[in-house]
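Swiss-Prot has this to say about the protein:
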{"type": "DISULFID", "residues": "CYS48-CYS63", "note": "disulfide bond"}
{"type": "DISULFID", "residues": "CYS55-CYS72", "note": "disulfide bond"}
{"type": "DISULFID", "residues": "CYS62-CYS87", "note": "disulfide bond"}
{"type": "DISULFID", "residues": "CYS74-CYS85", "note": "disulfide bond"}
{"type": "SIGNAL", "residues": "1-20", "note": "signal peptide"}
Amino acid sequence: MKFVLLFGVFLLTLFSYSSSEMLDDFDQADEDELLSLIEKEEARAKECTPRFYDCSHDRHSCCRTELFKDVCTCFYPKRGDNEVCTCQPPKHLMYMEKAADKAKKFGGKIKKWFG
């Protein structure tokens with residue numbers, strides 16, 4: 001009985017060691033994959049269309065602001081038959097960004113007063 005118990009503890013120790021080695025390998029693979037995704041994201045971010053610039057070539061290329069992504073909005077000017085598309089913030093999100101900026105400024109003032 002002691003032999004079975006000792007053998008079981010030995011197998012359990014061996015199994016936990018081998019599984020921890022496998023988990024370390026998986027963690028390293030996840031980190032490498034995450035780094036490659038971040039590099040791709042940085043490369044993609046350089047090609048975005050700034051706010052109020054023409055986005056008719058790619059309607060999904062508008063840049064991201066601090067909080068939200070701009071949307072490609074198309075319209076017809078008063079004197080013209082050609083459709084014009086520009087990257088613009090949606091009205092409700094623009095108001096939310098302004099409110100967030102004011103809240104940050106107010107928070108900075110409070111921190112300055114009490115901090």
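Glycine residues also receive a Cβ, built from the backbone N, Cα and C atoms like all the rest.
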> Taking CYS85 (disulfide bond) as the reference, which of CYS55, CYS63, CYS72 (the disulfide-bonded residues) have a CA within 10 A of its CA?
Replying inline: CYS55, CYS72
>> For the C-alpha pair, I'd like the distance in angstrom between CYS55 (disulfide bond) and CYS62 (disulfide bond), rounded off.
In response: 7
> Where does CYS87 (disulfide bond) sit by DSSP, helix, strand or coil?
Replying inline: strand
> Got a sec? Which of these disulfide-bonded residues, CYS48, CYS55, CYS74, CYS85, has the most Cβ atoms within 10 Å?
Replying inline: CYS55
> Between the disulfide-bonded residues CYS48, CYS62, CYS63, which lies closest to CYS72 (disulfide bond), Cα to Cα?
Replying inline: CYS62
> Relative to the Cα of CYS74 (disulfide bond), which of the disulfide-bonded residues CYS48, CYS62, CYS63 has the closest Cα?
Replying inline: CYS62
> With every protein chain in view, how many other Cβ atoms are within 10 Å of the Cβ of CYS72 (disulfide bond)?
Replying inline: 18
> Expressed to the nearest Å, what is the distance separating CYS63 (disulfide bond) and CYS87 (disulfide bond) at their Cα atoms?
Replying inline: 8
> Within the chain of CYS62 (disulfide bond), which residues six or more apart in sequence place their C-beta under 8 angstroms from its C-beta?
Replying inline: CYS48, THR49, ARG51, CYS55, LYS69, ASP70, VAL71, CYS72, CYS87
